[in-house]
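Only one structure is covered here, and it is reproduced in the block below.
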Amino acid sequence: MSNIDRRSLVKGSLAAMMAGAAVSRGAFAQSSEPILLGVSGPLTGPNAQYGTQWKQGFDLALDEIMAAGGINGRKLAYQFEDSQSDPRQSVAIAQKFVSDPRIVMELGDFSSPASMAASPIYQRGGLVQFGFTNSHPDFTKGGDFMWSTSVSQADEQPLLAAYAVKRLGLKKLAVLHLNTDWGRTSRDYFVKAAKEYGAEVAVTEGYIAEERDFRSTLVRVRDASPDGLILISYYSDGALIARQARQVGLKQVICAASSVYSPKFLELGGEAVEDVHLGTRYFPEDPRPEVKKFITGFKAKYGGQEPDAFNAYSYDAMNMAAAVVKIGGTDRRAVRDAFAKVKDVSSVIFGSATFDVESRRVKGAMNAELVVRKGQFALWDGKPT
Amino acid sequence: MSSWLDYTINGLIVGNVYALVAVGLALIFGVSRLINFAQGSIYLVGAYIGWVAVVQLHTPLPLTIIVVAVAAALVGLIIERFGLRPLQNSVRIAPLLATIGISFVLDQLVMLTFSPNPRALPSQLPDVRFQVGGGTIGPLDLLIAGVGLTSALLLFVFLRYSKLGWAVRATAQDRDAAMQMGVDVNRVNQAVFGIAAALGGVSGMLVGMYYNQIDTAMSLQATLKGVVAEVVGGAGNVPGAVIGSLLLGLVESYGVAVFGTSYRNLFAFLLLVVVLVLRPNGLFASARQAPPEPLTGTFIAPSRPVRIPRWALLAAAAIFAVLPFFPVSFYVLQTLINAWLLGMLALSLTLVAGTIGQVSLGHAALLAIGAYTSALLSLTLSVPVGLSIIGGGLMCAALGTALISPSFRLRGHYVSIATLAIGEIVSLVILNWESVTRGPIGISGIPPLSLFGYDLISPTSIYWFSFTVMVVLALLQGRLLTSHLGRSFRAIRDDDIAARAYGLSLNRYKSLAFIFGGFAAGVSGGIAAHLYSYINHETFNTQQSILALTVVILGGLGNVVGAMLGAVALVGLPEVFRIAAEYRILIYGIVLLLLVRFRPQGLLGTL
């Protein structure tokens, strides 16, 4: 258990509440205490699964950071507060973290409404909000304390479009997307890129996150007679769509965004996801050392479980946070300035990550073109399916 | 044209799935006049028991069905015995709240036991597909249809021809008379809950197999769609629930066909509102049927409210007003800001639900209207923030009242269901009306709160601002309640026929209540928009509506001080329970159940 003891945390936060905001922020320097990061994310509620995946990635990264000697000899730990992805709770958590002098940086939240509602409080309170899954184009516009390693959809979607149109030779596409800020932004970038590469987008359909039944949507897709289906989905809804598409007899090539990259996609989709193509940021047999280390470490820690995209995001985020704190120390402003200084941090998603100071995001995500073969993700061999 | 055949078949297939939940809901409503919000949770429990049986114990399908049915029935019996029976002599609204609390507890228990990750639940039927029209159907489709129709038929025969069935119907018609005739009402209730739960559990398992996917978020969606289908068919009418479900499936499917996927649920909820307005008892209720709600106001029973002396209220207000001068952390202030915002919403709801008896389950929609109006006014028309919030309140008062007015002729539970649907419709319109609301991208960069040109950005100033607004609204509402208007509102709640006989125009008074309530909710939403700086269609969701109702019932229906106290309690408790991490919502649910058990009339009593 790499997280710090909960009881001491409780005592600490009570003490912090008593002491209030008046306490000066640099007042703690005992090196026996760990450097503390605040995490705001869903552990209960409809998005709870993503919060638990974050934890797995964080804990693995912390094990490795500790094994390598910690942060200049000090321990690194995080305090995870459950927001249920609810803006009402994420703003309260934001005040809690801002007024707790032990917190040097915040990570999260998961959904855009919860994250961006808290941004003004972090900005005014002078605490970095490091949103590592926040792809909303306006997230980092909240202020100079908002930083993100979320892969910009302006980067990712053209890669997927190139895979579908240039490599797989699809000419007429049906795009199914999650009707959230992420799905909508992604769809717009994808459609733009696909048209540039010469494909026609015959139909786009947005569905809400709770949707389970796609049969009628797939009739619309069939009537548009596309030669490929594009899924801008998470793994659970992606698997549902693939299954139902095959059940109603649609045999077109399916090409999906990297967010379906999870062993759960294979488990939930079964035979229906065979031959599904997907663009990802890394793949199981990836020769890059940081990926090998991540995958072997993850499997060893979690009983052979394969990591997925959200595990990778949170693992990368914790490593990035450690690199930033190594430079910036425990002063909150110095931590913010350190984001602009970190260079070439080893990353599963980016290979090596350096922030673009202007947009406060990282550009140039890695790209791998995968396909599901015999129930496993494999590098695409160039053969048509 | 063959596409239309496919849309029809798909609609029927999905309707099939909804029917399984709707039948259980209809059965319970038929007997205890209770919309069982825990039915979706039993469905969830059934799905996970099915997973244990299939994946861990490798049981064959018939045995799996029996295991799930028995286990789910046991859960149903426990709910009936310990959750609902102690409440049978208390106000009618208490069991409703209890089922909400039970669903929290069950959902959380499943989540803690099985983790929130979705799981695959493999179908145990052979994977053959039959070509029908342009699509295919499989053996599971047939099994689900078989289970739905058979259970509806069996229940119909049971209710009509068996002795226990007669007892069930007698209890449904008149509980006291049945008791006098020697019917063991508790046994009847037990039987009904057992059967409904067994059905709910099996349907969760079958639907899980159908999609090869189960997860802990499936419970609320199942309840929502089941309730819609049940009410469309005529609440309490078992065969009607099946037909209502099929109709709902068809409407959704045709909605997708004509307008596209993102309009799907919009049509489901529009169907509900249209049916309720045209045939308030559902499509298949016979005209001679006894009215589903008692004619007089036992839905909300008046109780002796706790009188709080004026000095105590003044002292409490003074303490909260000077709180920021004491060394309390911004976290505490922020939590209280949330409580004051929820308090304004609760004031609004306690007026329409408690004082005039229109229990609304779609109040978050009012927040959304206020928030979007204020945000758009300040962003696109550069209206100063203070004025834009008032604009949000006025817009909400006007639009909210207009939207809700079709449901004025409804009573009791039907008002709740209609408002639930209207709430969903508002959220879906926000999602789809992109030219105005910017759709799923949402509105970002909303300017911070300001007053007379001064930005209110420190937590202290936001605290004072929201506290003052809430207190002013509360004083106005208190004044309203003691005026003749307040007495007319309560007269309508307690006996609308008598009120009408005295010459009160029901619709006019209901409108007045919604105008005042809409304004308070709109202001709350407006402040929230400027506080958050970013809103989209998910910011104000169904959970918030349910939370608001919980606050109001907890505080005491119609009780102004109770609404504020309830808001502090229900914002504060989950924060206090943070220490318990993943367990906090479970604890919250249990505390809620205990409160309902021992204070069904609310902390401060109905006013």
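Glycine is no exception: its Cβ is also placed from the backbone N, Cα and C atoms.
Just so you know, TrEMBL annotations are computer predictions that nobody has curated.
Over in TrEMBL, the protein carries these features:
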- B:42-59: transmembrane segment (TRANSMEM)
- B:65-84: transmembrane segment (TRANSMEM)
- B:96-116: transmembrane segment (TRANSMEM)
- B:191-211: transmembrane segment (TRANSMEM)
- B:254-278: transmembrane segment (TRANSMEM)
- B:311-333: transmembrane segment (TRANSMEM)
- B:339-357: transmembrane segment (TRANSMEM)
- B:387-405: transmembrane segment (TRANSMEM)
- B:412-431: transmembrane segment (TRANSMEM)
- B:462-481: transmembrane segment (TRANSMEM)
- B:512-535: transmembrane segment (TRANSMEM)
- B:547-573: transmembrane segment (TRANSMEM)
Which of B:254-278, B:311-333, B:339-357 contacts the transmembrane segment (B:512-535) most, counting Cβ pairs under 8 Å: B:339-357
Intrachain residues whose Cβ lies under 8 Å of the transmembrane segment (B:387-405), provided they are six or more past its termini: 358, 360, 365-366, 369-375, 377-378, 419, 422, 425-426, 507, 510-511, 514-523, 525-527, 529-530
Outside the transmembrane segment (B:339-357), six or more residues from its ends: residues with CB under 8 Å to it: 297, 299-300, 363, 366-367, 463, 466-467, 469-470, 473-474, 477, 480-481, 486, 489-490, 492-494, 509-510, 513-514, 516-521, 523-524, 527-528, 531, 544, 547-549, 551-552, 555-560, 562-564, 566-568, 570-572, 606-607
The transmembrane segment (B:547-573) versus listed stretches B:42-59, B:254-278, B:311-333, B:462-481: most Cβ pairs under 8 Å: B:462-481
Contact check, the transmembrane segment (B:96-116) vs the transmembrane segment (B:65-84), 3+ Cβ pairs under 8 Å, seq sep 6+: yes
Whether the transmembrane segment (B:412-431) meets the transmembrane segment (B:42-59): three or more C-beta pairs under 8 angstroms: no
Region pair the transmembrane segment (B:311-333) / the transmembrane segment (B:254-278), three or more CB pairs under 8 Å: no
Cβ-Cβ under 8 Å with the transmembrane segment (B:42-59): same-chain residues at least 6 beyond its ends: 21, 24, 67-68, 71-72, 75-76, 79, 106-107, 110, 113-114, 119, 121-122, 124, 197, 200-205, 207-209, 214, 216, 218-219, 222-223
